[in-house]
Number of protein chains: 2
Amino acid sequence: MVQKFKQHIASSLCFLQGKKLLLACSGGLDSVVLAHLCDASDLDFALAHCNFSLRGSESDDDEHFVRELASTFEVGIFIKQFDTEQYAKEQRLSVQMAARELRYKWFEELLQAIEYDYVLTAHHADDSLETFLINLSRGTGIEGLSGIPEVNGNIVRPLLPFSRNEIMEYAKSESIQWREDSSNASTKYLRNKIRHNVVPILKGLSPSFLQNFLNTQHHLGQTNDLANNHLNELKSRLFQQRNDDIEIKISELQKLQPLDAYLYGLLNGYGFIEWNDVKDLLTAESGKQVFSNTHRLLKDRDYLILAEIAPEIKGTYYIHLNKASGELPIKIQLEEVESFEKQGQNVVFLDKEKLNFPLVLRNWEKGDYFYPFGMQGKKKLSKFFKDEKMDLISKEKQWLLCSGNDIVWIVGRRADERFKVEESTRKIVKITWLT
Amino acid sequence: MVQKFKQHIASSLCFLQGKKLLLACSGGLDSVVLAHLCDASDLDFALAHCNFSLRGSESDDDEHFVRELASTFEVGIFIKQFDTEQYAKEQRLSVQMAARELRYKWFEELLQAIEYDYVLTAHHADDSLETFLINLSRGTGIEGLSGIPEVNGNIVRPLLPFSRNEIMEYAKSESIQWREDSSNASTKYLRNKIRHNVVPILKGLSPSFLQNFLNTQHHLGQTNDLANNHLNELKSRLFQQRNDDIEIKISELQKLQPLDAYLYGLLNGYGFIEWNDVKDLLTAESGKQVFSNTHRLLKDRDYLILAEIAPEIKGTYYIHLNKASGELPIKIQLEEVESFEKQGQNVVFLDKEKLNFPLVLRNWEKGDYFYPFGMQGKKKLSKFFKDEKMDLISKEKQWLLCSGNDIVWIVGRRADERFKVEESTRKIVKITWLT
């Protein structure tokens, strides 16, 4: 196996030679064998071990084992302990996913901190096949069947073309020791069933089954690349940025066939789950919305509007003059000034004596009206919004600055006539919105 | 099962109701059950049975069985006997593929002849899963994993959401008789192994395995549609028709990533197999070619030229005046005329007395030269072709009309000065190329 590994490095992964490599080592069979192979191939590597503190003293024994391994090879070692269960709780992740996230985050930090070039992990062909079958049994799409690439940014998986058997036989022939891992809780049962009952029979169907499988995964990955290129081209054509939001013309979406697949492809990065609701939105009445955890999609006449859900900032806030206000959702500055300067979109000047302090910052409510600056009479805010061609999301995000119940400034858009500076004005307040 | 079948027809396949259906019935379990279900659902169907004559009296007994079945249901029956082995030999196909081709061809003819609307076949979910696993074991791409669609043109597979178990149990509960098929030679061994050893274990992984698998196949099919839409858009942008051939700018191809996948996607419809050779063509020297059985791809400076391989028409042909010529590769008409008319690209007028009949029609040979009409002196054909900016394939296809060894007309391009009509000419021959 050493020969085959060396050849594989020399032919497909020659960019690893002479680089500083960080080998992710759990102490299990695969990563220990990878360490032996890297040593035998004169690669320049250090070990990195995550102690996820999930199995008490067993975890600590693993850590100890990897320390010993590093000293055998006379290479550097980096160790980090994680409170994985705590992190999983905080981030609402499964323990598996939490461990995964912590692991790759730390590797990324380490690479930067110690100026290493690549992280090596010990995934092999059987891992890929098992994951393929797990995903197949649960129902998946091309992403779930394509497998992980051998080279993905600075993460490299040099054992991907090798089978578990090859790795095991090499370990035995070289009397290599490793630690058995009793974790992998969530998928262990299913994965073991697949490993012991399904995979051997599949491999028995054809002597080149595993190689054929890897080729198939490679082809699927490439088809996925094609589909993604297509979707990215479409996005750059159909997704129009409007302020913070994205506007998508519905008539353009409706030209796409198969529509389900396009909606999923274009929008699955935004966390939506109810795809039938998303599809129904195309023909729904204006104002209908579908929510994900992070985004919402709004039908607004001929468009869908895709908006990030901002952290909850609705409510009522008080802004004092010459006194610290509490934390505000937007930066509003009040100051008394001597004279009238240039008024603008983000700056208005008002007659101090007409205002009741503290001023009130709040969102739009049904029935709101104001007296538009420079005009006679009052106007409903709903009418003003319509004239400004504002979509629902922009309306909801709009802040109003009020004096008691009266609107003083539709922030960033229009001041109120009633509070304007006049000849009779004795004290001027300058209000600035710092965007 | 009847209930579930009726519901499936009513919800997903309601377009079948009231239509004239042709049910492909081998006499095996699946198609016999399908016939019973169609009967129970009051669908308007007739049976169509192919006798492939592959298993002697067994084949004839199947035919007899299906005849009986039709009379039980009091529906029409169409039967055709094929000499499958003969056809397989002629078409250089496996017996399996030959049977498949004959079967679908005949269905197509039948539909038209008897004015039926759809063909129903009895493929079910286990068939799809088995085919998926067969292809996986052999190595495949997304096409091999996506499965057959439930509705494909006028072919409908209403049992696709049903498992073999459901079908079998229904047959048993209704005491339905069927014929066991001892054929399926080429894949039978592998398919049976998969059916009996792999599928039951996979289904044991999750109670909804088969349904999850069908969903996965559906997703893969849709991703494949996306990728194909992308490739078709690319083709219509990059493939430029030039005469009979297609011209593809190499610099445009080289922008595509992953290049392998794009080359395969754009060109796999033309029968190429040696994809590394195709890729190498991009950087090869001008004149290099790669062949498939039906096409060739030629590197010609900044372009790849994709050309159909025409039936072999090279050679030397003789064209008589006032006498039938043998079969010619192109239509050339010689006639003596009274007067000079309008000369054109496809028509020339020559001095009859300068010509030696029969004229000779042949392809270009190295060293050929002629005396261009309207010019003084001779010119090498290689130089003429270059000046005309002709690519290699156009040069090869170019026909020359000669009098003995002398070129009379570069057909469709340029006549020769030596044979032109002059004041002294007494007899004129009009030569027309009928394109």
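Cβ atoms are placed via backbone N, Cα and C, with glycine included.
What TrEMBL says about this protein:
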BINDING   A:SER26, A:GLY27, A:GLY28, A:LEU29, A:ASP30, A:SER31  ATP binding site
DOMAIN    A:359-433  domain 'Lysidine-tRNA(Ile) synthetase C-terminal'
Per-residue Cβ crowding (10 Å cut-off), top of binding-site residues A:GLY27, A:GLY28: A:GLY27
Three-state composition of the domain 'Lysidine-tRNA(Ile) synthetase C-terminal' (A:359-433), taking helix and strand from DSSP: 16 helix, 30 strand, 29 coil
Any further residue of that chain within 8 Å (Cβ to the Cβ centroid of A:SER26, A:GLY27, A:GLY28, A:LEU29, A:ASP30, A:SER31) of the recorded ATP site: A:CYS25, A:VAL32, A:VAL33, A:ALA122, A:TRP178, A:ARG179, A:ASP181
Neighbourhood of A:SER31 (ATP binding site), C-beta criterion under 8 angstroms, separation at least six: A:LEU23, A:ALA24, A:CYS25, A:THR121, A:ALA122
Number of other Cβ atoms within 10 Å of the Cβ of A:ASP30 (ATP binding site) across all protein chains: 23
Long-range Cβ environment of A:LEU29 (ATP binding site), under 8 Å and at least 6 residues apart: A:ILE167, A:MET168, A:ALA171, A:TRP178
